[in-house]
Each structure stands twice: as structure tokens, then as C-alpha cells.
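Input: a single structure, listed below in C-alpha cells.
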Amino acid sequence: MEVAVVGTGYVGLTTAVSFALHGHRVTGVDVDAAKINRLKQKICPIYEPGLEEALARAIDSGALRFAASLKEGARDADVLFICVGTPEAADGSADLSYLFAAVDDIRALQADVPKQRTVVIKSTVPVGTADRVAALLAACGGIHVASNPEFLREGSALQDALSPSRIVIGADADEAFAVLKRLYEGVKAPRVFTTRADAELIKYASNAFLATKISFMNELARLCAVLGTDVQTVARGMGLDSRIGPEFLQAGLGFGGSCFPKDTIALLQLAKQHGVSLSILEKVRDLNATQPDWFIARLRDRLGTLHGKRIAVLGLAFKPNTDDIREAPSLKVLNVLLREGAAVSAYDPVASPAVARLFPQVTYASDPYAALQAADAAVLVTEWKQCVDLDWQQVKAVMNAPVLFDGRNAWPADALSKAGFVYVGVGRS
Ligand SMILES: NC(=O)C1=CN([C@@H]2O[C@H](COP(=O)(O)OP(=O)(O)OC[C@H]3O[C@@H](n4cnc5c(N)ncnc54)[C@H](O)[C@@H]3O)[C@@H](O)[C@H]2O)C=CC1
Ligand SMILES: O=C(O)[C@H]1O[C@H](OP(=O)(O)OP(=O)(O)OC[C@H]2O[C@@H](n3ccc(=O)[nH]c3=O)[C@H](O)[C@@H]2O)[C@H](O)[C@@H](O)[C@@H]1O
């Protein structure tokens, strides 16, 4: 089948590569000409483990190519996946302008080269969007519209796309279901066939529920900090109940990234537009917004003041194994530290250049020990392996004071306390 993928960001590029590896002929299309040029040279524009090698393999096999426009590279496409961004608009709802621009391009393509096609929305969009797109494309004739939300995680995007937890397909015509069934033939995963609206809501509900688990644990961690109980042990004990499950019970500095924050807010906005209050989710959002402040307040208490203190921040990306800093907790942490007059040195294996554009006043180190040099305290913000597996003797030797604030509960608390460090985790005894 001829597949076009519109938008070659985290989701689009991963989708294009994974369909190509599954034997389809794929064209990735993006309005960003520089990105397309790099992709044609097999250069992956994002940091995503395994993706660059797979990209090269897919291009070399002849299954994957790239084009700067649909008319240039996707005239024969039977299936067009829309994978453009749907960022947060000023009122919190999803900004659909990129999506509708892509729909306009598809309409123009269809007018030029009329053909039976299936347009599949993979971008995360509010309930009713696929119906709106179907109405817009109805006049072209020959086009079915389906919803096929994506559940991949950054840092393991390719692996998640090749072996997804489930494939959700929403459509209103047998032909569209048949096309997507063929396309995903050979991918082992449970299928959910439903309406477009259900598919759209499954995506938001999944992200909102995972975000709720995290905020629940973060709030519980605040109680643990007062009671002297250990949220890690509590989470382990809870997670052994298969009805709860062990995942997403990790307390920390709150959830970041390009999706949980914007998707929880977009779902709240959607509900509000329909006169429904999602009060649990409102609390999830509010708690998440204050979690870095809550933790840094403990650091301030410990040091007396942040003013004039030298603080090492380890990890800047919103999670390990990605260069993505969208809504990263590190940005909130840096904001507070700098606002209160601390001198900050930071380390991240890949995300420093992006953060440096926002915070030029921070010193960016090329390894964790350089960041820790003469520090009055260290804060672990992202649990990169390089920031977790440290030589603690060396850490102690280079720091001004052995004060460790573990924002991810990833450092060995007991061993560090025994070794004479002051260790403070998120809700750990
Ligand atoms: N990043 C992630 O882990 C996940 C994201 N999603 C959803 O997938 C969608 C895409 O997210 P990302 O890949 O992170 O976005 P991104 O920002 O990394 O990539 C979007 C790409 O679309 C391109 N684009 C914009 N308008 C275009 C147009 N008219 N024609 C062609 N290309 C166009 C941009 O130049 C950019 O390269 C969003 O709706 C997001 O919520 C869903 C699951 C996971
Ligand atoms: O819609 C999306 O974009 C994606 O959003 C998340 O994926 P992602 O944002 O890449 O990363 P996660 O691993 O889910 O982590 C999100 C944030 O939550 C935090 N987190 C995660 C798990 C946990 O137990 N505790 C916790 O604080 C992470 O540190 C990170 O800041 C979902 O896991 C994906 O299924 C979904 O497709």
C-alpha cells in the first residue's frame, strides 16, 4: 500500500519508519524543508534511541522517502496519516490550525489527482475533529476519514510503534476499517474497532488517567514526607495488586512533556465546552503545576536561603532518553532557583543546547561532576543513567556540601545516607 505521513516529528517520523519496516511504501512529508533535507540524508532530527539506524535501513531498502509537499511526493498515496502537532492554544484547547492546514493540502491533492483514499488522523485531537475533517473532505469525493490515535512514548518511540499495546481504529465505513486492517496486518496487538469519536476520547482518557496516577502518587508523597513513610515502598506494595499495576506510580517533580500537560488541559477544556466539570482532572493539573515548587521549598528550608547558593541541576529533558524539553519540570526548577538568586550549573546528555536558549544565565557542564563542582546542593531532575549511576566518592569530593535532593527517587537513598550525604527524596523516609 502507498502511505503518506504528513508531519515528520516524533510521531510522524516514527510512524513512517515503522510502516516502511513493515513492508509498505511510505513517503514522509513536512512543511519544514530543512527537516526534509536532513531526513533525505538519513539524519534523524530528533534524539530517539534506534530511530536513526532504522531510518537509514528503511531508506536504503527503498521503502521510505521524503518530500516537501504532498503534490511532490504523495500523489499516489492510498492512505494519508496526519501526524502534525496539536499544541495548546491560548485558552487551553488543542490548536488545530496545523491539522486543518494539512487537510487543505490533502483537499488540493485530491482535486489534482482524484483517487480513492483514506485519511487517518493520528494526531491527538478533541472529540468531533475527525467528523469535522470528514465534512470538509466530503466535497472532494473518494475520501474516507478514520481516527487512529498514537500511544507511543518518547525515548522508546520506535519500539512502541513496532509493538504497540493496542491499535485503536475509529471509522464510519467498512472500507476505512478494511484499509487499516490491511495496513496493520502483521502487527501483533489487540485491536479496538469503534467510532471516530470513541477513538479520539480513548486517547485523551488514557493520557489523563496516567497523569492522574502520577499526581495521586505525588500528593501521597507530600503526606509521606510528613509521616516519615516511604512513597517508593508504598508504591511497590500497591503495584503488586494487579488491579492497580506497578506502572506510573513513580512520585517525582510532576509530569512534563509535549502531551500529558497539554492533553489534560485540552480534555478539561473539551468537557467545559460541553458543560461538564472533570473535577478530579482539575486537581491533577493543579497539583502537577505546584510539584516542583513544593520540592524546591524543601531545598530552601534545608539551605536557609537559595540566594547566593550554588546548585547543580542534573537532567534537563522532560524524561530520560529524549532531547524533548517541552513542559519539562527542569524549566520550572530553573525558574525558581534563578528567581531566588541561586547560581546554577546544569548537566544533561542531550538537552542542554535547547535549555541554554531559554536560560543563558545557567552554566552548562559537559559531565555531571563538572556540574557538581563546588555545589552547595544537587537536584536530580531527570533520571538519565548518566545522572543516576555516579561515583559517589567523587561527588562528595567535588561538592561544597554533600546535600542531595533526589527529585526522581532514583538515587540509592540508604547507601547515600550511610555514606554521610544529606539525602532528601520525594516522599521518602
Ligand atoms: N510526542 C509524542 O510522544 C506523542 C505525540 N502525540 C500526538 O501526535 C501529534 C504530533 O506530535 P509530535 O510528533 O510530538 O509533534 P512535533 O512537533 O514533533 O512534529 C510535528 C511536525 O508536523 C510538521 N507540520 C506542521 N504542519 C504541517 C503541515 N501542514 N504539513 C506537513 N507537516 C506539518 C511540523 O513541521 C513538525 O515537523 C500531536 O497531536 C501529539 O499530541 C501522540 C502520541 C505521542
Ligand atoms: O500522548 C503522548 O504524547 C504520550 O504521552 C506519554 O508518553 P511520554 O510523554 O513520552 O512520556 P511518559 O513516559 O508517559 O512520561 C510523561 C511524564 O510523566 C512523568 N512520570 C511518568 C511515570 C511516573 O510514574 N511518574 C512520572 O512522573 C515522566 O517523568 C514524564 O515527565 C504516554 O506514556 C504515551 O502513551 C503517549 O502516547
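Using N, Cα and C of the backbone, Cβ positions are placed for all residues, glycine too.
All TrEMBL annotations are machine predictions without curation.
Look at TrEMBL and you will find Asp30, Lys35, Thr86, Thr124, Glu154, Lys262, Arg326 tagged as NAD(+) binding site. Sequence-distant contacts of Thr124 (NAD(+) binding site), defined by Cβ-Cβ distance under 8 angstroms and a gap of at least six in the same chain, are Thr86, Ala94, Pro149, Glu150, Lys203, Tyr204, Asn207, Cys259, Asp263, Ala266. Reduced to three states, the DSSP call for Thr124 (NAD(+) binding site) is coil.
Here TrEMBL flags Phe151, Leu152, Arg153, Glu154, Lys203, Phe248, Leu249, Gln250, Ala251, Gly252, Gly256, Lys319 as substrate binding site. In this structure, Lys203 (substrate binding site) is part of a helix by DSSP.
Annotation comment: TrEMBL describes Cys259 as active site, nucleophile.
Taken from TrEMBL, the feature domain 'UDP-glucose/GDP-mannose dehydrogenase C-terminal' applies to 312-413.
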Over the domain 'UDP-glucose/GDP-mannose dehydrogenase C-terminal' (312-413) the mean pLDDT stands at 98
Please check the binding-site residues Phe151, Glu154, Ala251 against ligand 2 and give me the ones with CB under 6 A, sequence order.
Phe151, Glu154
Among Lys203, Arg326, the one of these binding-site residues whose Cβ has the fewest neighbouring Cβ atoms within 10 Å:
Arg326
Other than its own, how many Cβ atoms are within 10 Å of the Cβ belonging to Thr86 (NAD(+) binding site)?
25
